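K.L.:
I'd like to ask some things about the structure below.
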Amino acid sequence: MKKVVKFGGSSLASAEQFKKVGRIIRQDASRRYVVPSAPGKRYAGDIKVTDMLYSCYLMAIREEDEEESFDGLLAEIKARYDEIIQGLGLSLDLSGEFRTIRENFTRKIGRDYAASRGEYLNGMVMAAYLGYEFIDAAEVIFFKADGSFDSKKTDKILSERLKDCGRAVIPGFYGSMPDRKIKTFSRGGSDVTGSIVARAIHADMYENWTDVSGFLVADPRIVKNPKPIDIITYRELRELAYMGASVLHEDAIFPVRKEGIPINIRNTNAPEDKGTLIVEATCRTPRFTITGIAGKKDFASVTIEKDMMNSQVGFCHKVLGVFADNDISIEHMPSGIDTLTVFVHQDEFEEKEQDVIAGIHRAVEPDFVELESDLALIAVVGRGMRATRGTSGRIFSALAHANVNVKMIDQGSSELNIIIGVRNHDFDTAVRAIYDIFVTTQI
Ligand code: ASP
């Protein structure tokens, strides 16, 4: 049995947290490949080491007279590591590493290099603490010259490198370009590294340890004490993540999904909790009809009305062309016999609205165009909905009882999700009403 275990920044923010991580790893001999993030926040209001490194590099590349503060901040970053090293009773000395980092900063080596040092150094500390081999991610994770991830090369070299290596620490978040320059994934990218390592070694499980016990059925800022999600499919997760439920980096799903490796989201501060298991497919019956609810506010809708619209060939195509020409992406597009509504992000749309209206008039000569703003979209997601009759009926009666006016309904043909449009100010009430009808009453 082989497991890849990734630990997020809050799990590695202090020596105390490192000790919890050490206990978790030692408890299960199959936890053989460890992917650490950089030290995160120790308390609310603290600063992540990655953010300190970004600021420090910015100071370094500015004028000479800023040099003093750049050194000051670099010393603060070193102090963060030294505190962990001392707290763990290790004899590791990072002074040489920090001298190299300082030199490279003065040479203006690159912002990504700067940010990556957070994981690089934390990887060294972790390897020393566990007695595992340290493998610099620059040697095994690769990007192409255009900046995209080179999955083929990485998989080949990484699996080769790990073949005879029983236990290793591979820092998350970065890799190297063909010219050896360091490049990072987008923020939160250590999740992606973990997934890549899991794929390369054909892991039985990718455990992603963070500071929550997995996904919750609804946002706890809206619903009080929402139930956890025990098991969720990759597809359901994609739907929920797109609508704002975030625990895992979006791109972390793809490498393991290809191999059918499950991801287990776990809580470093509550290791006895089972967390959420993310799988390709499952025949386990979901606890509730729905798996989760997520949503986003601040959409605008553009409704286009024209008599006999449906009989005009290419009508939608022309309308969509106007949005594409204005570089606006479309969220949803419910339609009626003579109407078509397009949902867009309000902030993206606002400055271009008049160009879009004029474009639509030119393209399809509508009877009229109507705009509405301050709308929210709610996604109700669940593989269990397919087998259950009356799901949408229950959603709408719950919303009616809660006095929420439904502006739009869109059910994908996969029956995996139902998207509901409401006014921004009804958003929280609507989410609570849907949660209550499916989870609190538990029918
Ligand atoms: N340390 C990086 C960040 O703060 C990457 C990560 O934590 O996954 O975004």
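Note: Cβ is positioned from N, Cα and C throughout, glycine not excepted.
Quick paste from TrEMBL:
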BINDING   Lys6, Phe7, Gly8, Gly9, Thr210, Asp211, Arg221  ATP binding site
BINDING   Thr50, Glu119  substrate binding site
DOMAIN    380-443  domain 'ACT'
K.L.:
When you measure from the Cβ of Phe7 (ATP binding site), which residues in the chain that are at least 6 apart have a Cβ under 8 Å away?
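P.N.:
Counting only residues 6 or more apart in sequence, the Cβ neighbours of Phe7 (ATP binding site) under 8 Å are Val21, Val34, Val35, Pro36, Ser37, Trp209, Thr268.
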K.L.:
Considering every residue in the domain 'ACT' (380-443), what is the mean pLDDT value?
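P.N.:
Summarising the domain 'ACT' (380-443) by its mean pLDDT gives 89.
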K.L.:
Roughly how many angstrom lie between the C-alpha atoms of Lys6 (ATP binding site) and Glu119 (substrate binding site)?
P.N.:
12
K.L.:
Quick one: which of the binding-site residues (Lys6, Gly9, Thr50, Thr210, Arg221) have their CB closer than 6 Å to ligand 1?
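P.N.:
The qualifying binding-site residues are Gly9, Thr50.
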K.L.:
If you run the three-state DSSP split on Arg221 (ATP binding site), which class comes out?
P.N.:
coil
K.L.:
To the nearest whole angstrom, state the Cα distance for the pair Glu119 (substrate binding site) and Asp211 (ATP binding site).
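P.N.:
Asp211 (ATP binding site) has its Cα 18 Å from the Cα of Glu119 (substrate binding site).
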K.L.:
Using DSSP, how many residues of the domain 'ACT' (380-443) fall into helix, strand and coil, respectively?
P.N.:
31 helix, 13 strand, 20 coil
K.L.:
List the Cα distance (Å, whole number) between Thr210 (ATP binding site) and Thr50 (substrate binding site).
P.N.:
17
K.L.:
Between the Cα atoms of Arg221 (ATP binding site) and Thr50 (substrate binding site), what distance do you get, rounded to the nearest Å?
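P.N.:
Rounded to a whole number, the Cα-Cα distance is 26 Å.
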